[in-house]
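Working notes, structure below.
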Amino acid sequence: MFESISDQIKNYKKIVFVTGAGISQESGIHTFRGNEGLWRNYDLMKLATIDAFYENPKLVWEWYNDRRSNIFQAQPNQGHNAISELEKYAQVVVLTQNIDGLHKKAGSSNVLELHGSIVKIKCSVCDYNEDILTEISDFPPLCKCGNILRPDVVWFGEPLPQDVWQNAIDFASECDLMVIVGTSFVVSPANTLPLYAKQNNATLIEINPETTEMSGEMDEIIRNTSVEILPKLVSLFKK
Ligand code: APR
């Protein structure tokens, strides 16, 4: 394991992690695809698009409210904690597709949330936005301007926040090691990030029990879970 990097481990100065739902799976948060995936039991076109929201904001909010209570109870696992600990040994940036905030909760200081955050709520019309950690009881919640508030997450068909995405490209383009954890990489544009790292001749490692869309681009693939493998990766830097 880690044959491609163990000789040069101390040379890696800029490390980027690209993470997806799989890293939080062992914190009790469902992934989207695969046998237990949310999109197997729920219709994403009815829950995670702006059209669905305008058609039935109450339904979308009820679903997000369930996810909010699940996520607010979840704790970072050893995978999140290992990434946070690695900051003692190298410059670490986390580019996550997850909206669960668990990287920040684990103490990682450089986290870009590509798909937004479940804590955040914004108005569907005006500029109002807020972090709300409490339960929302009246659906759909209304803004002071009278329009509907929505979760500040990126839904299918919506662009990523421009500044966040540009920063993500910059970090990916400058890193010398990219570790890709727990994402099926079927969703664009996050799945293009390894290509930016590759242009910089970075080493690419994938940690995932399953094959992904980008497995063919990797220098090393570890078919195991993040909780099992990430602490081992960090222990290499401690030696
Ligand atoms: N450790 C590592 N990887 C895991 C684990 C684990 N314990 N458990 C599952 N995985 C892997 C799966 O094999 C799969 O490849 O995590 C991946 C999860 O893939 P998806 O469910 O597709 O999640 P993700 O890639 O994050 O989805 C991207 O899709 O619906 C949208 O906006 C949502 O951000 C999400 C985006």
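Using the three backbone atoms N, Cα and C, a Cβ is placed for every residue, glycine included.
Here the structure is a predicted model, which means the values were calculated and not measured.
As annotated by TrEMBL, active site, proton acceptor applies to H115. Counting every protein chain shown, the Cβ of H115 (active site, proton acceptor) has 20 other Cβ atoms within 10 Å.
Residues annotated as substrate binding site in TrEMBL: Y64, R67. Shown in sequence order, I118 are the residues of the chain, 6+ apart in sequence, with a C-beta less than 8 angstroms from the C-beta of R67 (substrate binding site).
Per TrEMBL, NAD(+) binding site is recorded for Q97, N98, I99, D100, G182, T183, S184, N208, P209, E210, S226. Secondary structure from DSSP puts S226 (NAD(+) binding site) in a helix. Listed in sequence order, the residues of the same chain lying 6 or more apart from S226 (NAD(+) binding site) and placing their CB within less than 8 Å of its CB are G22, I23, E26, N77, G79, V181, G182, I207.
The Zn(2+) binding site annotation in TrEMBL covers C123, C126, C143, C145. C145 (Zn(2+) binding site) falls within neither a helix nor a strand when secondary structure is assigned with DSSP, and so counts as coil. In sequence order, C123, V125, C126, Y128 are the residues of the chain that are 6 or more apart from C145 (Zn(2+) binding site) and have a CB within less than 8 Å of its CB.
As annotated by TrEMBL, domain 'Deacetylase sirtuin-type' applies to 1-239.
Of the residues the record lists as binding NAD(+), namely Q97, N98, I99, D100, G182, T183, S184, N208, P209, E210, S226, the two whose Cα atoms sit farthest apart are 22 Å from each other.
The Zn(2+) site is defined by C123, C126, C143, C145, and by the 8 Å test on Cβ atoms against their centroid, the other residues of the chain that qualify are S124, V125, D127, Y128, K144, G146, N147, L149.
In terms of C-alpha distance, the listed recorded positions Y64, H115, C143 place H115 closest to I99 (NAD(+) binding site).
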